[in-house]
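A short worksheet on the structure shown next.
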């Protein structure tokens, strides 16, 4: 997992929220804007480094996530094609809550796997729309015409794909809501996306906050008869 975070407290909260002790082969890369400190995490390998003060003129976390990608390429490139090329890259955040099943779902990712994310974008959930085992669109309340209208927590990428596309990264100049698309458009097409979580009918990751979720876009879609499927448990 690659995670951007800005305070020692957030790293600690990330450890709690991601239930790392249940995934013994999980490797974490934490990019901080302050000097890293030694923190006891229970994943198999933990790499914490300082990226420097973040550029707040760019979308939050761009430079930190790109630093994580750079670290992976630098430390795995020497053995391209071998065992060091195997693995899945997932961009995690300390304000998310994860079901352990999510990590099982992403294990067999060939290119890019996708799934729903709960309590995001003023919606009950956002999700790829699947027909015949293929992603054909996205259930979202904002700018569905984006190349990949998907949340950062809603996809994982094979390490092989990252290493074989050395220039793929997050674009700090991308318009709001297009950050995920700026990475994915250089790696995969919509037809190549791999739906997980029972064809994207189960929510296994949530944006969690200490306040009541805002549902303005959900309510607007419901008024049009386009609201989230009530059969999907959030």
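Glycine is treated like the rest: Cβ placed from N, Cα and C.
Looking at the stretches 193-213, 214-234, the one that TrEMBL records under the feature region 'Disordered' is 214-234. Looking at residue 180 (active site, proton donor/acceptor) and residue 199 (N-linked glycosylation site), their Cα atoms lie 21 Å from each other.
Of all Cβ atoms in the shown protein chains, 17 besides its own fall within 10 Å of the Cβ of residue 199 (N-linked glycosylation site). Here residue 199 (N-linked glycosylation site) is positioned 25 angstrom away from residue 95 (Mn(2+) binding site), judged by their C-alpha atoms.
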